[in-house]
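First comes the structure, then the notes that go with it.
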Amino acid sequence: MISPAIAIPPRTPPNTPADASAQRDRAGTALAWSARLWFAVAVGGQLLFAWYVAVLYGGALVQGEPARWNAVMPRGYVAGDTAGNAAIGVHVLVTVVIVIGGALQLLAPLRRLAPSLHRWNGRVYVLLAVVSSLIGLYMVWFRGAVGGLAQHVGISINGVLIVLCAVFAVQHARAGRIALHRRWALRLFLAVSGVWFFRIGLMAWIVANCGPAGFDPVSFEGPFLSFLAFAQYLLPLAVLELYMRAQASARVAARIAMAGAMLVLSLATAAGVAAAAMILWLPHLSRTI
Ligand code: HEM
């Protein structure tokens, strides 16, 4: 005879409010870790970009050969234009401080343990991001930059968004509206990262197409580059809005779906960083060092 304990499977306990809340917590933890993974990949890739900037642009300056900037930026150094060259030097070299400062600002343990470092680092980060954006606008509209009108408009809107996000992030922090401050600070981080997204996006695209596609590599113009000039900040900002909605949502499915999307985006970001490192950054580093 079969014992009743084997024959009758135990009844699934009813889905109590406590179970539902535990499921939501687990989904929230998965979402938080997926975001941390993406952030770790992004910070690694941005540090590589900053290292390249320090070695290529800083190295040329230290060695008294700023004309070497033009190996990458055709109108980076113009003989005789001291003020313009200085502005461009500031634009590229503050990238190192911006990248390190941005990563530090978003580290939650550091915010808790050293709030005054968070405040001071935040002031420096915001100031440099705004100054760099204003210089970027000067470069595009007065000094001359590669690319066509659509690209120039796209990157200029990026510059304006950086300034707006910086203003809102600071205003909310000063007023003690921390939840809103966090939202605008995250938007600021992604808007400031636009130039980096452009590079990893373009290099991933080139690798995926086994060469330049959708643009002319000589004039550096074409539909794909026009698209990327806007997508470099609009896509990350759209993903951030979805992430924040999933975080605020009580629906387990929304959190799990977003965590899955963040995993895929982490892989895509790592692929873009690898492509940019191989094609853009490491070759310059190996030539310069
Ligand atoms: C705060 C965010 C920004 C950072 C950290 C940043 C950083 C840089 C760096 C490192 C380069 C050299 C690129 C390389 O060697 O691959 C560069 C180039 C350039 N940036 Fe920015 N940038 C920022 C925002 C902007 C904005 C908002 C604009 C325009 C409104 C802009 C306009 C330019 C231009 C025109 C070039 C030269 C591209 C060329 O013609 O070759 N940047 N930027």
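Glycine too: its Cβ is placed from the backbone N, Cα and C atoms.
Taken from TrEMBL, the feature transmembrane segment applies to 37-62, 82-108, 120-141, 153-173, 185-208, 224-244, 256-282.
Between the transmembrane segment (82-108) and the transmembrane segment (224-244), the number of CB pairs under 8 angstroms, six or more residues apart, is fewer than three, so the stretches are not in contact. Against the transmembrane segment (185-208), stretch 224-244 has more CB pairs under 8 A than any other of 120-141, 153-173, 224-244, 256-282.
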